[in-house]
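Trainee: Before I ask anything, here is the structure I am working with.
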């Protein structure tokens, strides 16, 4: 492809999706060696694997090589990790490899909020787009229902005599909805007198932020899911002891509600590559990657499985490598996605991001932003894993800007390739796929986590902060110090840690671009995600319920009389 | 069958369901004359009809005869209308008729609350039970998501400047969840300062009570759904003018979310009779029957479609005949379900119902309760429709009790039959099916609604109260008088009326059993359900969000490691 075609018009994601011819899902399953009876169809182009197929995959074991896609410190519009993940899988397929891609399920909140649909884009998208972005196979709805059943059973327990002596001021289990709704962030429930009460402060998070979502994504099977659900801490009693989902008797009903959601969903990319779209946890208070079950199934039936971690390598990849990989497969190569736009933001030290300015050619700004990329590359290398840089080329990027990245990578002997997978599909990621295959075949991967599980929680947090984020120091608030003591007492100190931090800076301050130095990470509060199996450390404020902007994407979404949906893309 | 077997043990619904062999859903579809490409499969035993199949049905028109199943004034445990509906369909099939049954989708709230699963029972149930009772094809989840999107867009509009000048104290659109949760009945939202607010009083109803559910059930097609969604009134502005879903710009996104939910779900009864399980609106503030689309499709592809209306004939059947039948098919015969237990409650003038006492043989109490049955029979006859009484026989009912009902019906020349469909399936409803077929074939049906649409709202309400409920008079509160004036001004007075009243008495007082006389119906408040297309008149308090009891059904629900779900039945 000549660079001149890059500035030509690419049709909208919606137009591309509508033109695409989809294979019947049985044909897609056959590419994985799955028979028609191994899948439960949801129409022509979606399926869930049957329980038998999942069990068989587990018996076969992980045969394929896992490739993890992560990125630089992003702008709020993202650097296109999903496009690169889908494109890379298509690129590997183009090279003749047996490959699948595994990505997260989109949440309705962002679909109707700012971001719009989320399943890749251009000629590197996952289809059928409307279904995946709306209800899909119902997994997220199942989580919403299960989450709020726990809430209802908890409040009903208190209402009917409170035998467990739950402290109503220390109920940590808020409610959940899959919507962006700031009015639900802080609420009072149980009003209207003793027939409804007691009244208490409460709030709603988006379903992706529910611990049940993290549990679904980390459970190895239904028995493991049930165990994890049962140990989720929902409140404290008046002696300060944790009250769990098991204690309130909700484990069985919740697990029944999540039974089908635990089986991976199979769809296809626009080029017919099998795609597992399954699970979608938050990448700040949770680990931010698709389900372990989907990874296990993908690795059982393919030679390459490409998967994606949320936000930059400091957040998504760190969590994948320090939390998920302890329970599942370790990646054999990691792709770090960079964009001209994202690097310019760092080079220009810009916050908030002004996308009009970022659209202007500025190779010097790109060069000035490169330290952020190299920091993330070094992070991955410190984990003992080979790295490939993928430059996600946008139509208006100039050659000078792109070359600035490629030249700097060449100077540092970092394998790097341009991807035009958005505009061209798999062939646009063929060079990237070649580099990834070389790294995988080199067999150099040797994962070294940032910390050992028997380090103290304080040591684990300090290791992530200093070695991954580049902090000079870590401080703990009074509350955090109390939390550390209580968590150790309650036996949670052998868990890995999940740090919640802004994704827009390596530091805990979104306006601090590039590679901040001489800064201190402030840990505000810690709590156990005992079901997910990690301790969450909050730094700064965490918003678990987004809001709608003045002009939400929902205003532009519509459906024709014949059922054609517009405006999702 | 001899009556002696009736007292023998019938296996649990769960055990019966697990023993059943289901036909592939394509085989079931073929019984309706539908080809494999007319359905979108959800696994082996569930499907949605394709849009093409729905359109074709509409072109074919309503060929079959509609049979409506209603009942006496019930106890809180219900009189088994669903069992009779499913059993009657199986009975008609047993007689060689081409038949289907259409019932409502169960709501998760009751499944985890008091009632447990709801899709018939014994040998007259709809399968697969676990799927239908949990997430099924996601229709109710879609409604929950759509409902709360409207809420989020409404509050976001107010938050971002309130261009429509919405009066935050007059937002009538509460939020929705498919759960029994009394703590959500009365809430305050928007707390936490101006970043989240403004704060305001709010509440949650169960999704079945959402006007969107009523809209889904009354829409003739997607274009009609979109129109109805758009005209739903969600608030008043500061001048008192209605603010609609159209005004806040949510119509398109909501309709897109409900696109798939509008297509009927096809499953089967335990005897393989095609069953449409679609929609599930509340039967007090809404009309309480499955979707019009399912009825239309069923009548296009069968000779008999059996459908069910909620609660007693005063509520469900009245609403079906005065609201639904104006937009869809009129029944050619109505079945009134009576039970020995339910009639004894009236004969003993008992409230609340003591089911231990009601289990004791007492033919005199049954006889004393019969006026309630005959009142409902007369109501249906006043509508111009033939009636058949179905005695839903329970294992412990005595012959003397059952004969008391049959003899009284014979004396009044009311066709009546005992059904043992719960214990015996279709053959147990064969006599009932014969009587129903005779009445349909008699061609006597000539529907006369209770009121004309150009009567005033006051006249319509008075007609229902005096002619259907048997009230001596109707009074309107000051608020109701104001509402009548405002509704007339706003042009809503040509809509039918939907009266919300306790189902446990013909009157507005649940403790008033039998056939109350000399009583006055008090109308407290009226509001437009402009999307559904009726005016709701509230009498007494209406609970749109149930609560969980001290020992909810959820405590006994569990799932095995292999995925088998227990305790739903």
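From the backbone N, Cα and C atoms, a Cβ is placed for every residue, glycine too.
TrEMBL lists A:75, A:76, A:77, A:78, A:79, A:80, A:81, A:82 with the feature ATP binding site.
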Trainee: State the three-class DSSP label for residue A:82 (ATP binding site), counting H, G and I as helix, E and B as strand, and everything else as coil.
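Mentor: It is helical.
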Trainee: Counting across all protein chains present, how many other Cβ atoms fall within 10 Å of the Cβ of residue A:82 (ATP binding site)?
Mentor: 23
Trainee: At 10 angstroms around each C-beta, which of the binding-site residues A:77, A:81 has the fewest other C-beta atoms nearby?
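Mentor: Per-residue Cβ counts within 10 Å for the binding-site residues A:77, A:81 bottom out at A:77.
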Trainee: Starting from each candidate's C-beta and looking 10 angstroms out, tell me which of the binding-site residues A:76, A:78, A:80 has the most other C-beta atoms.
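Mentor: Result of the Cβ crowding comparison: A:80.
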Trainee: I'd like the number of other C-beta atoms within 10 A of the C-beta of residue A:79 (ATP binding site), please.
Mentor: 25
Trainee: For the recorded ATP site, enumerate neighbouring residues of the same chain (Cβ within 8 Å of the Cβ centroid of A:75, A:76, A:77, A:78, A:79, A:80, A:81, A:82, site residues themselves excluded), in sequence order.
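Mentor: So the extra residues in range turn out to be A:71, A:74, A:339, A:342.
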